[in-house]
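Chemist: Submitted below is the structure of interest, expressed as structure tokens.
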Amino acid sequence: MFKNAKEFVQYANKLKTLREKKLNGVSIYVCVGTGCTAKGALKVYSAFEEELKKRNLLGQVTLEKIDDDKVTLNRTGCCGRCSSGPLVKIMPYRFFYSNVAPEDVPEIVDRTVLKGEPIERLFLTDPLTGEKVPRIEDTTLFKNQDFYIMEAIGESECDSIEDYIARSGYESLVKALTSMTPEEIIETVKASGLRGRGGGGFPTGLKWEFTRKAQGDIKFVVCNGDEGDPGAFMNRTLLERDPHLVLEGMIIAGYAVGAQKGYAYIRAEYPFAVKMFKKAIEDARKLGLLGENILGTGFSFDLEVKEGAGAFVCGEETALLASIEGKRGMPRPKPPFPAQSGLWGKPTLINNVETYANIPRILRDGVENYRKRGTENSPGTKMFSVAGPLKATGIIEVEFGTTLRDIIYNICGGFVEGEEFKAVQIGGPSGACLSEDFIDMPLDYDTLKKADAMVGSGGIVVITKKTCMVEVARFFLDFTKRESCGKCVPCREGTMQAYNILEKFTHGKATYEDLKTLEHLSKTIKTASLCGLGKTAPNPILSTLKLFREEYIAHIEGECPSGMCTAFKKYVINPDICKGCGLCARSCPQNAITGERGKPYTIDQEKCVKCGLCASKCPFKAIELV
């Protein structure tokens with residue numbers, strides 16, 4: 001435990017030297033983020049451990065002691081290229097291997113670890129050029145990004161406080177506690193122009209200032225890690241790969257606003273993120289960076305993790321606070337805002353995971369360094385999770401002002417064969433769908449707001465021409481109606497009724513009157529709902545009505561332009577292929593298929609519910625959806 005800042009600085013300098021020595025030796029880094037783990041990364045890690053032990057090559061894994069002539073095996077966090085995992089990086093050669101299987105491990109040890117030879121078949125494929133590239137930093141995927149908070153890709157240890165300190169970790173905390181007043185810290189954050197990364201984009205420095213000036217002897221700091229958007233996993237990635245970065249930001253925030261206690265509210269569905277953050281808290285306490293009298297400065301601050309039960313509405317700050325208090329997660333009207341009356345009625349600062357992660361580097365590298373990225377009103381970078389039929393998907397970090405075209409084509413490599421661009425859904429289930437007209441629009445808070453869209457937490461779903469936009473709206477509204485807390489009528493009842501109307505569209509039963517009702521109802525929900533969930537729930541409907549209205553009209557006229565909605569199609573049996581085996585008839589739950597054995601069967605369209613079971617059972621592929 002460090003008694004003062006001087007002891008910490010001496011320790012940090014020692015660790016920096018040791019880490020440099022380690023990276024110059026042979027080190028293996030296996031990505032154990034959730035994406036790679038789902039594809040077998042832990043088995044790959046175990047295979048390396050077993051192989052190195054068998055050859056007596058496994059060295060000490062901490063920076064405190066590095067065994068010469070040995071190989072260090074490390075767990076690293078998400079590298080961003082989740083679609084190519086499991087990922088492995090070999091230092092000092094910087095070879096970056098993708099889709100690694102346990103069976104590849106002996107060859108990697110033989111050729112790369114012992115001889116320094118590359119294995120070309122394991123190289124990462126550049127999504128833009130299609131070429132095999134030995135090092136991730138040489139790919140267009142990497143070059144077209146700006147890793148401001150996602151530093152040290154593939155060569156940091158997600159479970160080591162020593163590694164974080166060796167990467168200049170906690171230096172900003174030392175600087176804040178020993179040479180800055182709380183007011184100076186807040187002014188620095190205000191000058192940086194940092195805006196909340198949780199979706200609203202409220203100026204972070206102003207929020208800190210409000211909390212600092214709020215009356216009260218007891219104050220709290222809360223981290224909103226309740227990332228509930230389908231397909232969004234930026235917060236999870238940060239908490240898994242660099243938990244101390246978020247923790248350091250929270251401690252600095254506690255000092256700046258005058259708080260004594262903090263809570264990290266993390267989804268229970270993120271078990272690895274919860275585990276990493278709890279370990280980070282424990283390790284920081286052991287070194288005296290958290291708890292009583294931090295670094296002998298007289299400042300005391302402690303943290304604990306509160307696991308969320310999974311309700312999407314708990315991403316709303318007042319619902320989140322209610323959940324921490326042990327109550328049902330339900331939003332309340334504002335004002336008073338949490339900065340005035342939050343946890344147990346005390347002034348409370350709430351920021352997103354990514355917001356806190358920016359703080360240490362802003363204090364360490366300065367405001368000018370931060371503001372050279374992004375745009376005037378949206379400085380800095382933003383992490384996005386990109387999903388869809390692209391050549392590369394996963395987590396990216398880009399400057400604000402980057403266009404959708406850059407993300408889709410210059411970073412993710414464009415579409416897989418047979419797919420064409422149609423739209424982008426940005427901002428999660430509460431976000432908007434944007435057409436191709438917006439593909440060159442800079443992504444920042446103000447520009448997206450003008451387009452009736454939002455950054456949200458950073459989820460980007462790329463949609464192709466094979467997808468029905470009415471179905472997209474129905475899908476997202478199905479999610480938000482289920483996640484409504486039920487407190488206010490516009491959200492509880494309105495989303496249900498809007499969903500029922502969308503069901504009529506996708507089932508071929510909608511009328512022009514339904515179209516009129518849907519639009520009016522959506523605007524009413526947006527205006528009259530109590531909290532952000534209800535106010536933004538109709539966004540997918542309103543944006544698709546605005547930009548893809550012709551698809552709604554086509555559904556009324558009896559056609560789904562994308563061919564996705566099966567209600568506008570029918571299953572038919574091709575008499576030239578059908579052998580008359582009767583297997584389809586026996587599998588039909590509606591008894592809609594009849595015929596004489598040995599002759600072609602037919603389907604009664606009045607009885608058919610288009611379940612597709614008959615087509616899946618037919619061994620001759622005689623049943624088609626037309």
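Keep in mind that glycine also has a Cβ here, set from the backbone N, Cα and C atoms.
According to Swiss-Prot, the feature NAD(+) binding site maps to Gly198, Gly199, Gly200, Gly201, Asp229, an assignment based on similarity to another entry. Here Swiss-Prot flags Lys207, 224-228, 312-317, 350-352 as FMN binding site, drawing on similarity to another entry. If you look up Swiss-Prot, you'll see Cys485, Cys488, Cys491, Cys531 marked as [4Fe-4S] cluster 1 binding site, on the strength of similarity to another entry. Taken from Swiss-Prot, the feature [4Fe-4S] cluster 2 binding site covers Cys578, Cys581, Cys584, Cys588. Per Swiss-Prot, [4Fe-4S] cluster 3 binding site is recorded for Cys608, Cys611, Cys614, Cys618. Swiss-Prot lists 569-598 with the feature domain '4Fe-4S ferredoxin-type 1', giving sequence analysis as the kind of evidence. The feature domain '4Fe-4S ferredoxin-type 2' is assigned by Swiss-Prot to 599-626, with sequence analysis given as support.
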Chemist: Quick one: Cα separation, Cys611 ([4Fe-4S] cluster 3 binding site) versus Cys588 ([4Fe-4S] cluster 2 binding site), in Å?
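Modeler: One finds 9 Å between the Cα atoms of these residues.
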Chemist: Since the record lists Cys531, Cys584, Cys611, Cys618 as binding-site residues, which of them has the fewest other Cβ atoms within 10 Å of its Cβ?
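Modeler: Minimum Cβ neighbour count within 10 Å, taken over the binding-site residues Cys531, Cys584, Cys611, Cys618, occurs at Cys611.
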Chemist: Could you tell me the maximum Cα-Cα distance in Å between the residues recorded as binding NAD(+), namely Gly198, Gly199, Gly200, Gly201, Asp229, rounded to a whole number?
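Modeler: Roughly 17 Å, rounded to the nearest whole number.
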Chemist: Could you check which of these binding-site residues, Lys207, Glu227, Phe312, Cys578, Cys618, sit within 10 Å of Cys485 ([4Fe-4S] cluster 1 binding site), going Cα to Cα?
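Modeler: If one measures from the Cα of Cys485 ([4Fe-4S] cluster 1 binding site), the binding-site residues that come within 10 Å are Phe312.
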Chemist: Note down the number of other Cβ atoms within 10 Å of the Cβ of Gly201 (NAD(+) binding site), including every protein chain shown.
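Modeler: I get 19 for this one.
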Chemist: List, in sequence order, the residues of the same chain other than Cys608, Cys611, Cys614, Cys618 whose Cβ lies within 8 Å of the centroid of the Cβ atoms of the recorded [4Fe-4S] cluster 3 site.
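Modeler: These residues sit around the [4Fe-4S] cluster 3 site: Tyr571, Cys584, Ser587, Cys588, Ala592, Ile593, Ile603, Lys610, Gly612, Leu613, Ala615, Ser616, Lys617, Ile623.
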Chemist: What's the number of neighbouring CB atoms sitting within 10 A of the CB on Gly225 (FMN binding site)?
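Modeler: Step by step: centre on the Cβ of Gly225 (FMN binding site), count other Cβ atoms within 10 Å, giving 30.
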Chemist: Just checking: which of Gly200, Gly201, Asp229, Ile350, Cys614, Cys618 have a Cα that is within 10 Å of the Cα of Cys581 ([4Fe-4S] cluster 2 binding site), counting only these binding-site residues?
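Modeler: So the list reads Cys618.
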Chemist: Could you check what DSSP calls Asn352 (FMN binding site) once collapsed to helix, strand or coil?
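Modeler: Reduced to three states, the DSSP call for Asn352 (FMN binding site) is strand.
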Chemist: Rounded to a whole number, how many Å is the Cα of Ile350 (FMN binding site) away from the Cα of Gly200 (NAD(+) binding site)?
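Modeler: Pair distance, Cα basis, whole Å: 12 Å.
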Chemist: Using the Cβ center of Gly198, Gly199, Gly200, Gly201, Asp229 as the NAD(+) site position, which other residues in that chain lie within 8 Å, going by their Cβ?
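Modeler: Same chain, not in Gly198, Gly199, Gly200, Gly201, Asp229, Cβ within 8 Å: Gly196, Arg197, Asn352, Gly427, Met454, Val455, Gly456, Ser457.
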Chemist: Which ones in the same chain are close to Gly200 (NAD(+) binding site), with CB under 8 Å and 6+ residues apart in sequence?
Modeler: Gly532
Chemist: How does the domain '4Fe-4S ferredoxin-type 2' (599-626) divide up by DSSP, counting helix, then strand, then coil residues?
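Modeler: Its residues divide into 5 helix, 5 strand, 18 coil.
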Chemist: For the recorded [4Fe-4S] cluster 2 site, enumerate neighbouring residues of the same chain (Cβ within 8 Å of the Cβ centroid of Cys578, Cys581, Cys584, Cys588, site residues themselves excluded), in sequence order.
Modeler: Ile573, Gly580, Gly582, Leu583, Ala585, Arg586, Ser587, Ile593, Gly595, Tyr601, Cys614, Lys617, Cys618, Ala622, Ile623
Chemist: When the number of other CB atoms within 10 A of each residue's CB is tallied over all shown chains, which of the binding-site residues Glu227, Asp229, Glu316 has the maximum?
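Modeler: That would be Glu227, with the highest Cβ count within 10 Å.
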Chemist: Among Gly198, Cys488, Cys491, Cys584, Cys588, these being the binding-site residues, pick the one whose CA is nearest to that of Asn352 (FMN binding site).
Modeler: Gly198
Chemist: For each of Cys485, Cys488, Cys491, Cys588, Cys608, count the other CB atoms within 10 A of its CB; which of these binding-site residues has the top count?
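Modeler: Its Cβ has the most other Cβ atoms within 10 Å: Cys491.
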